[in-house]
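Novice: Got these off TrEMBL a minute ago, pasting:
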type     : residues  : note
TRANSMEM : B:36-60   : transmembrane segment
TRANSMEM : B:72-92   : transmembrane segment
TRANSMEM : B:119-147 : transmembrane segment
TRANSMEM : B:159-184 : transmembrane segment
TRANSMEM : B:205-227 : transmembrane segment
TRANSMEM : B:239-262 : transmembrane segment
């Protein structure tokens, strides 16, 4: 049995944050005597990841995803619980551990703004003590994969957001990390650049076997990259499994759409009507009834554009976070 | 996996030597990146140095004796101050400002994730090479003061001067680290760097001009005199080895305190949210 690359048990993080009522009087009072409130950003998380897994953290803003990611990376010290990454305790921040991990944040850059990325790469070679010959090979491989051969010679401030993110990835991967933490890596990028970055991450994972942990608000990123997702909400783990399993639990209905010259008078008998507009009909149908409903829709006059899809992940998440029960699912 | 294979284990001291050199190279490359900026900064650096030293040349004929400090001995003291001030503006001040910006923007995350001591990385992350001109100017002043004042510098005096100067520099860095740690708690405390700059100006004057209480404060609490006045005295052969040891102990204590404060600050670091 392969040892876990990431093991988390009873992980908690509490922050003490100041609070006060509105108004000048309360602000003045807070100058002398400040009240604090304890916020539980992460509560009792438990999970483990195998080497080479690609896992997505999903959750609304303030759910505790980034805090968890930063505890795994060793940036934030947990309030309670155990974390082990690549056999190390991250918060000890031992150099041997830090050489095995890397973090890329879409909203923050590690590259020096005024210098070409190649100068930053050279700096990382010294910091990570990468053998010069190995560094050369690695740089050639990454720059070819990401197509930044010329780009890396221009000052970072002159690069587009997508080019900069590619260079950030090169900087983060030069030392060959075993665990790659990605926090919103495609934020603000156009669709083709998002696709390019996703493809690169998938390929890197396949070729080097690195464990990839991703947080993203773009559901497509997570759906395309991560066979396994961890849904975190209110600091708690609410789901751990595949996207398909999540869909089956939260929105098991299949979405069937069709365009026809005439629509049925009462389509509610087939399923829940999502849209009925002009000649277009969209229904949510129970999986076991899909063949029967498709058969009926195909028989409609001039039926075309018939499609059967899973519910979009955004809707699944909205349904999940809209639920009132706080109990763990699955 | 290539991480372990690519890491060449070299002695830590050699690694940190290379690391600091690489950080200084990055800052120098940044300074060289924009031609106009480079020459402007150079010109301003030179101008700043001259402005700092000029009053001394104007007043040198009028300098009265300050309890054992003749005119040329005061020039030596000014030289020591200028060296320290140059080192501060070239090395420590830019690093502190850059590190505080990292804390503000949350990019300290990247610094802390590098496999090296975070404090060393912070204290060497920025550098203004042109301000080293001030250090050279200070050296010239020290040598000129000693030469024209016909002071015979003995080997032990020179050694004591270097030891006290090193202790002074350590104290300065320790003080800088404490200011940096304070900015982890509240970013407004970044203004302490300006207080630090203003306080350093007291180092222009010999210890004897201060009343005893201030002298104690500036030796043991905010050791400005350790940084300038005492190295000058040591060069002039007027400082006992006992005092040199005391000053080294003050600096070492401050360094230990600064290190503890750093460890505590990093453990409490919450990282700016993205």
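The backbone N, Cα and C atoms fix where each Cβ goes, glycine too.
What's the neighbourhood like for each of these?
Specialist: Listed by sequence, the residues of this chain that lie at least six past the ends of the transmembrane segment (B:119-147) yet keep a Cβ under 8 A from its Cβ atoms are 16, 19-20, 23-24, 27-28, 31, 41-42, 44-46, 48-50, 52-53, 56, 72-87, 89-95, 97-99, 102, 108, 111, 153, 173, 176-177, 180, 232, 235, 259, 262.
Cβ atoms under 8 Å from those of the transmembrane segment (B:159-184) belong to residues 80, 83-84, 87-88, 92, 95-96, 99-100, 103, 119, 122-123, 153, 190, 192-193, 196, 222-223, 226-228, 230-235, 239, 241, 244, 247-248, 250-252, 254-255, 257-259, 261-262, 264-265, 268-269 of the same chain, restricted to positions at least 6 beyond its ends.
When Cβ-Cβ distances below 8 Å are used as the criterion, the transmembrane segment (B:205-227) is approached by residues 66-69, 74, 77, 84, 164, 167-169, 171-172, 175, 199, 233, 247, 250-251, 254 of the same chain, each at least six residues removed from its ends.
Sequence-distant contacts of the transmembrane segment (B:239-262) (same chain, at least 6 residues past either end, Cβ-Cβ under 8 Å): 118-119, 160, 163-164, 167-168, 170-171, 173-175, 177-178, 180-181, 219-220, 223, 226, 230, 233.
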